[in-house]
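Single-structure report; data block below.
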């Protein structure tokens, strides 16, 4: 894409927000409490701070302040304020391609705020438990939060992901012409690695004229043992395995499509 010569600072705001979901089946009330305690510890404020700090290095941000809090009975929040150092726009890659994976992170840019909130949830009947994390990476200027997408999804090992990317505001070039987006994008999927795309069913709902891009992701492979807590499939009879599989599948479909579906 042709590089714009800007008048002053790039005033565009780019926001990447997504929900990730982890689904689990627990057979007893004690198992349910155990899963909630386990997932709450796995994604406590300290670990989330580590993940978000690494995210800062991916988008090239300088950390100004970190606010973090664990909650009772469960949940955690982390917010990081970040700033951008002066950079040469010619050094910024705005092309559509996946960002780095966790083992290949290199700091190369800088910028705004990054936050995450977690929501463990369960119901006393049915045995289903869900863990949801809401994440937002918002930057101003030339830096793209999309570069953090690959890393965050890999780190959080999600069953279901809903992603929203939007560009707000405008910037002017040296001739005074407004530009409401400064990079090419057809789909958020173009910023994901091929191995990630192979793992998920994906669906796009994009509003191009408004610079709004929405992608939903649902894990393709279903292996019951990955969704059971404190019990293995071998300990269940065939009827129980089918009932639990149907229950989990229905739950995941409802979350993926964002609506209540009839039980078949």
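Each Cβ is built from the backbone N, Cα and C atoms, and glycine gets one as well.
Lifted from Swiss-Prot, the feature list:
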- 112: active site, schiff-base intermediate with substrate (ACT_SITE)
- 117: active site, proton acceptor (ACT_SITE)
- 140: active site, proton donor (ACT_SITE)
- 112: pyruvic acid (Ser) (MOD_RES)
- Taking the Cα atoms as reference points, how far is residue 112 (active site, schiff-base intermediate with substrate) from residue 140 (active site, proton donor) in Å? 6
- Measuring Cα to Cα, tell me the gap between the residue listed as 'active site, proton donor' and residue 117 (active site, proton acceptor) in whole angstrom. 22
- Query: CB neighbours of the residue listed as 'active site, proton donor' within 10 A?
  - Reply: 20
- Among all the protein chains here, how many other CB atoms are within 10 A of the CB of residue 117 (active site, proton acceptor)? 17
